[in-house]
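Contents: one structure, followed by commentary.
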Amino acid sequence: MRGFRPSLSAMMFVVAVIWIGVAALYGLLKPISNGCIMTYMYPTYIPISTMENVSSAKYGLYLYHEGWKKIDFKEHLKKLNGIPLLFIPGNGGSYKQARSLAAESDRAYQGGPLERTFYREAHLASEEGHVDMADIQLPNQYANRLDWFAVDLEGEHSAMDGRILEEHTEYVVYAIHRILDQYKESHDARESDGTATTGSLPKSVILIGHSMGGFVARAATIHPRLRKSAVKTILTLSSPHQSPPLALQPSLGDYYESINQEWQKGYEVQTTRTGRYVSGPKLSNVVVVSISGGYNDYQVRSKLESLDGIVPPTHGFMISSTSMKNVWLSMEHQTILWCNQLVVQVSHTLLSLVDSTTGQPFPETQKRLAIFTKMLHSEIPQSFNWKMQPQSSWSSRVPAKDVKDTAVPEVHTLSDCPSSFHWNDDILERDLYIETTTVTILAMDGRRRWLDIQNLGANGKSHFIFVTNLAPCSGVRVHLWPQKGKSSSDLPAGRRVLEVTSKMVQIPAGPAPRQVEPGSQTEQAPPSAVLHLAPEEMNGFRFLTISVAPRPTISGRPPPATSMAVGQFFNPDEGKIEFSPVSMLQSMHSHKDIFLKEDHPLAFNLSFAVSLGLLPVGFSLKTAGCGIKDSGILDEAGDTGNAKLCKLRCFPPVALAWDPTSGLHVFPNLYSETLLVDSSPALWTSTGTEKTTVLLLLDPHCAYKASIAVSVTTAASRFWLLYFSQIIGFCVAVIFFALMRQAHARPIPSILKAVESNLRIPFPFLPFFLAPIMFSLFFSFLSSQPFPPFSSFTIVSLICYLLANGIVILLILVSQLGFYVTAYLHVFIKTRWQLWEGNFGFLFLRWFMNLSSRFLSLKVVRVLRANPLFVPVSAAIILSTFVHPALGLFILLLSHALCCHSSLCNSLTASFRSNARKKESDYRTEDNSLSQQFKPKPGSPSKENSSSYIQTQEDTFHLRHGLLVLHLLATLMFVPSLVSWLQRIGMHQNFPRFLDSFLCICLILHGIYSSESLLNSELPFPRIMGKEVRLNSIYLIAGFYSYLSGMALAPYKALYAMGAVGIIAFALSILQAWTGATRFGRRRHWHRH
């Protein structure tokens, strides 16, 4: 049969898809070491009574209590007077997942705020607000405890079905009202007992949402039945805000779009149609903070967790856990709920929102946003281009008469060390004067080191960088001096010393070095802070001093086991290393080695032309020397004496990677690591540069050999994670393009041959591939949206389109193989049955066949057989409307499969009979059993029209097979929703969303009527500009729309194209019947030569 054997190119696509899929699966299943510490608790869950008339009575509300002692629930509720927080679990989550956050919040309230450090703190950008961070003072003692509530949503899969998401939103709105009412009930109960406490009742609830719970929190905030100002603060953990992770169900995607549009309007001033002012923005007092898990979160990518276009920077931001203060870790989707480093920081952040005067959260929006920024953000630079760094405002503190030409605009001030850490000059021992560009400190020796900025900063080495593990103020202090002096009092009036210690930025330190005995160490300590001074910041000063505290520290705290500090004047241009796309691709099969000799720059600025979120780089760093002759003797650990001494002399390397999407990623102790960021490059919505910048801190006393290679398995897994939605939309487009070729070509080619024909270069491959890309750029131009990077956008779209072709070919081959095997077995059994028909052993089967014949002769059965489409169409429409759309599509697939099987069996049977007649005519003298087996029966095709009959059956099979593949993909898109529906069997169920049912009914109409429309040559197609618009043109438009839907990461919109095609096919069929056109008109004839 024609069209069965795939071509070599098709098999290559299939092999490529399988290979990439296996590599991606291997990369995703590899165990991950996230570095998180487990959180422990003693949970008790107190049920909160709900009203009987609540529509979602199957859900529940609980109050968390931390402690191992048994408590009286009623008495505990009577004492309720804290700050209400509501935890909303995500897809398949449990209300018990609030236990880690709730337990650590209770410990934080009892233990007090975190110990204050004197590193540089984050501040609000100009577009984020106008609150001075110096005015935001964190409390010395928390004013009120947090009361953690949690909703029990029965572990339903809200990420798969829009109806479930709406029901969760309805119940969360009720839970918010119930929580506020519970506080009033508790207050009234205390008043009746005479134990009422002072303080106001809470008027709002802080919402904490994990995964889909974060989106439910936002949906509940704009719900029309929610009380005014009942929600002012929302914190989400690994929550998709831009679109659902599986954007396959139309109602789910439509619900997402409607909620996001309402949020966009919520921050706009409300006016009438004539422009008259009505009210301020509805969400002007709502702050939203989104925390992402980073690259280890395989379920939700940082791109989906972004608040861009939904919440303005003045009311919220997204931060990755990799750039959170005191966290700096990437974690899996569920780990973010119990990772102790993150849970502790979030708990202290939430407690810091409470105003000590009122005992309730701050009402000012900017103040709450400033606290989130101060507690979560670090002040590590968001870019490592030294020459483009914004000048710091602390330089404005320098008196104008002391420092000339230092006009720096003031944004925020840099404070000196507090008086409790005041150092007397008598504490410092004799001063040291450094004459080299690199200064090293290996002990807390109580000395002050002087560096001449003018001499050491010459020859282009005008920048200064300093890394250390000593704490600022208590361990080390850095000053700028206009001239030498023993103390600031020795300087003349007007010549002041400027302390820049608080400009030190904290970075995560790796594990402390091993100690054989107290005072000994096996390697140098990792740095925990970095300080960078630009030439503009040192302008007007002659000397820089680094003062190290003596070993018994001023604060009385024990010093670190090992101390280190390295500073250097350097030229930023000497540390620049750029990796082009070609070199990164070449590193897939051959490592790229970089050799760094001793006295190299302390800071290297690595620039990767392709984002590390798309091509993760395996980075291996080995110590090549440190000025010590190699002894060649191995120690117990297998290291040479040289390597052991070098580890003792040089601090462990540190890498800080920055990405525009997910922010900062820190890799401490970088000896062998895969550099990876959670970005989403080369998308339709991508803007700006997609380069990844990496700051590499290396001890200049050691020489290194660095090897860089792109990790193929990690790159494959990242590609599937990032572009899965895009590939699904492209798969639908590939099938539509193939159906277009089937509708246009005569004879009708198989769906496999149609896909292969569309891959021919240059035509028609290039028009199918490039035309949607041009359309997308044109739409971006019309909507005044920035264009994505054209080269990367085109290359990634090309790879996705080729993978989509491979996936479709694989589906076609698997389904086609199943049909052929089943048909051959059917024909074989049927022919054998003719030989065994008179056997006594088959009398029972003959009786059963006679009974079946009597049943088929009934009038009702004959009517149904005369209208074979009535039963499947009716059943499919009823199931799609009242039960679940996927069930109706299953009926449609069964109808397609039966039609394909029947056509294929008829074609094979006619082909065998034709071959038997040919052999009989060639070998008349031989007794050929095949001539008896395939003896023509009454009503069977004659010898003259057998070839035409076979051709007709093949055309029917190819056409139905193409529709089956299209509708199979549509059914698979509804399978996640079906899984969530099956989970709720036995519970209160609502009818499916109208949008889902309507589109499925349109798909059913497409499957039933498009075959007749295609085979009939007398259908009244309309004409546009003098040309007849036939079904192939409709398929082409549907394919382009599906292609654009995939690029927009909204593959569910491809179902709109399928529904539109179904409506058109149904309308043409009705029009055909209305005009009286022949149902099966005169067919065009073709011949194979």
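First residue shown is number 1, and so on along the chain.
Heads up, the Cβ atoms here are built off N, Cα and C, so glycines get one too.
Automatic, uncurated: that is what TrEMBL annotation is.
Summarising the annotation, TrEMBL assigns transmembrane segment to 7-29, 720-740, 761-783, 795-821, 869-894, 963-982, 1031-1049, 1055-1074. Annotation source TrEMBL lists domain 'GPI inositol-deacylase PGAP1-like alpha/beta' at 80-352. Summarising the annotation, TrEMBL assigns region 'Disordered' to 920-947.
Stretch with the largest number of CB pairs closer than 8 A to the transmembrane segment (963-982), among 7-29, 720-740, 795-821, 1031-1049, 1055-1074: 720-740. Through the fold, the transmembrane segment (869-894) approaches residues 964, 967-968, 970-971, 974-975, 977-978, 981, 991-992, 996-997, 999-1001, 1003-1004, 1007-1008 of its own chain, all at least 6 residues removed from its boundaries and within a Cβ separation under 8 Å. Residues 243, 247, 683-685, 725-730, 732-734, 736-737, 739-741, 743-744, 768, 771-773, 775-776, 779, 797, 800, 1010, 1013-1014, 1021, 1056-1058, 1060-1061, 1064-1065 of the same chain, all 6+ positions outside the transmembrane segment (1031-1049), place their C-beta atoms under 8 angstroms from a C-beta of that stretch.
When pLDDT is averaged over the domain 'GPI inositol-deacylase PGAP1-like alpha/beta' (80-352), the result is 90.
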